[in-house]
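*Asks:* Sharing a structure below in structure tokens format, with a few things to ask.
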């Protein structure tokens, strides 16, 4: 699964670069999301190789696990921040003619990408800077040794909440804005089938994105909560807890496979339809108001 995800996301990056489509702000975010997923799959492959060659270090922890776990955490955090950034960019693009004149430019996307990676690297590499439990066994994570339970709670709780709530809010707002535009055009007698198509596609894509995040990150959150409340040692939880841990890793990798399809393919078709739509002009709205009077 990791190798397939690496190939898929690599093709997305190559395609974006080959078509010179990176002048668009959303394309920069899409390409960066593929880079994040690529690193997530690569680090997941690294951890899988360590598990195959020496399973004990992935259970009891070792100095050798710090680097792959740190890269894995950094990549997942970058993916979450990119998903949130894409949702906000789509909301601003749709709401631009309704409430604000702010327009997302190319340099805005580049700045957001830079901030996302800096924040992800800082938070993900904290164990390499000393926040680990190689020397202390009291607060060591059972599922992700040698990470500390306190570090996992600090990283997981706020970021998973952000991954769930912010996209949910932004995509619901997009659907509501499209619904208002459709009602306004219906009031002017300008019912367009394209609006219904866009509204349906946005709803389906938004639900798919949110469910994909829920399926991939919720089990990982449950594992961290279990880790924080667990009082038993590694051998007492073997093998059931580690099978669950491996399943959560597979779900995260499947998310990296689903992102190119949901974001790159569906959003391109949806973006073309949104571009064709225009808010009713002031002249038409005034004529409509006069007719209603």
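Cβ from N, Cα, C; glycine included.
Below are the features I grabbed from TrEMBL:
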DOMAIN    8-263  domain 'G-protein coupled receptors family 1 profile'
TRANSMEM  26-49  transmembrane segment
TRANSMEM  69-88  transmembrane segment
TRANSMEM  109-131  transmembrane segment
TRANSMEM  151-176  transmembrane segment
TRANSMEM  202-222  transmembrane segment
TRANSMEM  242-265  transmembrane segment
*Asks:* Most CB pairs under 8 Å with the transmembrane segment (151-176): which of 26-49, 69-88, 109-131, 202-222, 242-265?
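*Replies:* Highest pair count goes to 202-222.
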*Asks:* By Cβ distance under 8 Å, which residues at least 6 away from the ends of the transmembrane segment (26-49) in the same chain are close to it?
*Replies:* 2-3, 5-6, 9-10, 12-13, 16-17, 58, 65, 68-69, 71-72, 74-76, 78-79, 82-83, 85-86, 89-90, 93, 104, 106, 109-110, 112-113, 116, 249, 252-253, 255-256, 259-260, 263-264, 267, 271
*Asks:* Kindly say whether the transmembrane segment (202-222) and the transmembrane segment (109-131) touch, using the definition of 3 or more Cβ pairs under 8 Å where each pair is 6 or more positions apart.
*Replies:* no
*Asks:* Would you mind listing the long-range same-chain contacts of the transmembrane segment (242-265), meaning Cβ under 8 Å and 6+ residues beyond its ends?
*Replies:* 1-2, 4-5, 8-9, 11-12, 30, 33-34, 37-38, 40-41, 44, 47, 51, 59, 76, 79, 83, 86, 143-144, 205, 208-209, 212-213, 215-217, 219-220, 223
*Asks:* Residues of the same chain, at least six outside the transmembrane segment (109-131), with any C-beta under 8 angstroms of its C-beta?
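*Replies:* That would be 25-26, 28-29, 32, 66-67, 69-71, 73-75, 77-78, 81-82, 85, 89, 146-148, 151, 155.
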*Asks:* Can you work out which residues elsewhere in the same chain, 6+ from the ends of the transmembrane segment (69-88), have a Cβ less than 8 Å from its Cβ atoms?
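*Replies:* Answer is 26, 29-30, 32-33, 36-37, 39-40, 42-44, 46-47, 109, 112-113, 116-117, 119-121, 123-125, 127-128, 144, 147, 155, 159-160, 162-163, 166-167, 170-171, 209, 213, 217, 252, 255-256, 259, 263.
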